[in-house]
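Novice: Below you'll find the structure I mean.
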Amino acid sequence: MGPRIGPIGEELQVPDKDTKAMVGTEDTPGGKARPNPQDLRPSVFHSIKFFVLCHSLLQLAQLMISGYLKSSISTVEKRFGLSSQTSGLLAAFNEVGNTALIVFVSYFGSRVHRPRLIGYGAVLVTLAGVLMAVPHFISEPYHYDHTSPDMPQDFEASLCVPTTEAPTSAPAPSNSSCSGYTEVQHLAVVGIMFTAQTLLGVGGVPIQPFGISYIDDFAHNSNSPLYLGILFAVTMMGPGMAYGLGSLMLRLYVDIDRMPEGGISLTSKDPRWVGAWWLGFLISAGTVALAATPYFFFPKEMPKEKRELRFRRKVLAVSDPPVSKGEDASSERSPGESPEKKDGLAQIAPDLTVIQFIKVFPRVMLRTLRHPIFLLVVLSQVCMSSMVAGMATFLPKFLERQFSVTASYANLLIGCLTIPLAIVGIVVGGILVKRLRLGPMHCGTLCLLGALFCLLLSTPLFFMGCSTHQIAGINHQPGAQPGLELFPGCTEPCSCPSDDFNPVCDSSARVEYLTPCHAGCRSRVVHEAPDKGQVFYTNCSCVVGGGPVPAGSCDSACSHLVLPFMILVSLGAALASVTHTPSFMLILRGVKKEDKTLAVGIQFMLLRVLAWMPSPVIHGSAIDTTCVYWAQSCGRRAVCHYYDHDLLRNRFIGLQFFFKTGSLACFALILAILRQQDKEEGTKATIPNPGLQQQLLASGAKKEPEESRV
């Protein structure tokens, strides 16, 4: 689509001097006219190539900050006592602001100063990232046990103290002693994070659509696809960098800026470990702020790029036959110049007021949704996006629980294995469509095969895992809440707090105890190591031989399966990604030319509303139903400490399987409809059409005198 000026959508004419003079006087920062229009040539801010570079970096940083929360979701749960349903809602909340405003992008179009609006959006994203880190600074330092703030953490508070010797002056804090201030602070923290996620979505609204349209308007028509390809290739690295950043940050202790005296005795494998989740948000926000700076210096409109890239000309000269001048001229004309396209909503939007646009939009949307191919492709992508959204949000937590790996290692696996293979899948899908010149039928077949093999690869995942090891006093039934009467009789002499959590593991019997007190341990020993000391508990009445038992949860017996599991998940992600490009082609080739722009907009809106918003909440709720031991905070249910691993695996992988099956069924229906349409077209072609025959005869009669003249 060619560049437009003003609300009536007239195309920009290209007289060089006038255009450059206009840009120089109106769009330079500060609004001062330059003495010589030729001085515009060396200006880097009038180069579309520099804009592509800036926009690639900005979208990379934006996706990094948007995806960072998913990499630290289990850490945020532990730090603030959130259930998986609440954390899933938090992760999905950035789509709320985004979805509410994305529709108006097609209304504003080129009415606004697009680079400047992108800059404002990026500034809002930066503020949202800083706001996400604020709860760390307004909260009390993290106490990983129930010791008082002036007492060294993890000291003798969790040991078995006989009831007769238990101190009465300083009872252990319990749910009943919570102050109203604690609850208000918790609500304030959660409210701040939800607000920040909303602002993150609102700030991201103008970045991608305005950036793509700006590149398409001012790049050479032959260079535009290449620029957009570079943009998407760089952007796709954003989620991988988010998980990589999460892997690095979660190795650091959460209170690295305010470490307690004497240090801490936790390791990153301890289930109570909380990493520096907030630091990643500050780093990401700083990256977005740096990437946003150039946008305030780009002009509202710049002269359209006139030259095709040199290496692209060489490639085309080798791969494509030479074309005539007439063909070349037609190829350089923007598709937006065709008169039929003026009927689309995206083209007539600048002529409408906001009220008229809101009235027209539902009618055009319903007309587009009545197209069966479009509807089925969107439904298939909704299923696929629901699978991706759930896995991106909770796969790190699933790996932590199922295979006893650290949050840092789980993020490293996803960032280095799953994300790169998904990118490869998208690229392979695009190459297959391009090289093989696949039509709608073959695009549908490719999508069907990708979804089928993705589904087959997910089947073994149901069997790759172990049952939950034995936990003293906990009934492995979801929803059952243990009480002191359920613990072994060996703890009867001890006064163990019911709401403490400092697990120890009897590795010989593979039994885990909630605290050293519940194992009957009366003393504590620290074995100093070069990096960190390892804590052991001795004189344990519930352990054969009295110990010693190490602090921390028991390791999973299936830790060796984490790599095969991730390889299967990553290969499935690659096969699912192969369907990305051909499914887009089915939409672009299946709707009317004038509705293409709006169809893609409707598609993204439906994906947000039906997939990216509800899917994390659905997956989080399913995970919560597998919990067998909830922590209590001020009388409310907080974070889950233990899950039924078999139930967790079956429900998490089962949800993934369900969405993949739905996507496969949609692609099968698409293929059936396309075959039916091909049959109908073939039948029409075989039936002789008298009117067509008469037109052919008339055209033949006209050609004869022309040939005789030659």
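Quick reminder: no glycine exception, Cβ is built from N, Cα and C everywhere.
Bear in mind that the values here come from a model prediction, so they are computed numbers and not experimental data.
Pulled from TrEMBL, these are the listed features:
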REGION    1-37  region 'Disordered'
TRANSMEM  89-110  transmembrane segment
TRANSMEM  117-138  transmembrane segment
TRANSMEM  184-205  transmembrane segment
TRANSMEM  226-254  transmembrane segment
TRANSMEM  274-298  transmembrane segment
REGION    320-343  region 'Disordered'
COMPBIAS  325-343  compositional bias 'Basic and acidic residues'
TRANSMEM  373-395  transmembrane segment
TRANSMEM  407-433  transmembrane segment
TRANSMEM  445-465  transmembrane segment
DOMAIN    484-544  domain 'Kazal-like'
TRANSMEM  561-586  transmembrane segment
TRANSMEM  598-615  transmembrane segment
TRANSMEM  652-674  transmembrane segment
REGION    683-710  region 'Disordered'
COMPBIAS  701-710  compositional bias 'Basic and acidic residues'
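Show me how these features fit into the shown structure, please.
Specialist: Under 8 Å from some Cβ of the transmembrane segment (184-205) lie the Cβ atoms of residues 62, 65-66, 69, 76, 80-82, 86, 90-91, 93-102, 105, 121-129, 131-132, 134-135, 138-139, 633-634, all in the same chain and six or more residues away from its ends.
A Cβ distance under 8 Å defines the sequence-distant neighbours of the transmembrane segment (226-254), meaning residues of its chain 6+ beyond its ends; these are 48-49, 52, 55-57, 59-68, 70-72, 75, 79, 136, 142, 211-212, 215-216, 219, 264, 266, 268, 273-280, 283-284, 309, 312, 392, 396, 406-409, 411-412, 414-416, 419-420, 423, 426-427.
Within the chain carrying the transmembrane segment (274-298), a Cβ under 8 angstroms from the stretch's Cβ atoms is held by residues 29, 45, 50-51, 54, 57-58, 60-62, 64-65, 68, 71-72, 75-76, 78-79, 115-116, 118-119, 122-123, 125-130, 132-133, 135-137, 142, 144, 242, 245-246, 248-254, 256, 268, 407-408, all 6 or more beyond its ends.
Here the transmembrane segment (407-433) has Cβ contacts under 8 Å with residues 71-72, 74-75, 233, 236-237, 239-244, 246-248, 250-251, 268, 273, 275, 395-397, 399-400, 443, 446, 450, 562-563, 566-567, 569-571, 573-582, 585 of the same chain, all six or more residues outside its ends.
When Cβ-Cβ distances below 8 Å are used as the criterion, the transmembrane segment (445-465) is approached by residues 380, 384, 402-403, 425, 429, 432-433, 438, 558, 561, 564-565, 568-569, 571-573, 575-576, 578-579, 582-583, 586, 645-646, 649-650, 653-654, 656-657, 660-661, 663-664, 667-668, 670-671 of the same chain, each at least six residues removed from its ends.
Residues 92, 95-96, 98-99, 102-103, 105-106, 344-346, 364-365, 368-369, 374, 377-378, 381-383, 385-387, 389-390, 393, 584, 587-588, 591 of the same chain sit 6 or more residues outside the transmembrane segment (598-615) yet have a Cβ under 8 Å from a Cβ within it.
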Novice: Cβ under 8 Å, sequence separation of at least 6 from the ends of the transmembrane segment (373-395): give me the contacting residues as numbers and ranges.
Specialist: 67, 70, 73, 84, 88, 91-92, 239, 410, 414, 418, 440, 447, 451, 569, 573, 576, 579, 583, 586-587, 590-591, 599, 602-603, 606-607, 610-612, 614-616, 618-620, 623, 652, 655-656, 659-660, 662-663, 666-667, 669-670, 673-674
Novice: Which sequence positions outside the transmembrane segment (117-138), separated from its termini by at least 6 residues, show Cβ-Cβ distances below 8 Å to it?
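Specialist: Distant contacts of the transmembrane segment (117-138): 55, 58, 62, 65, 69, 80, 185, 188-189, 192-193, 195-197, 199-200, 202-207, 210-211, 254, 277-279, 281-282, 284-286, 288-289, 291-293, 295-296.
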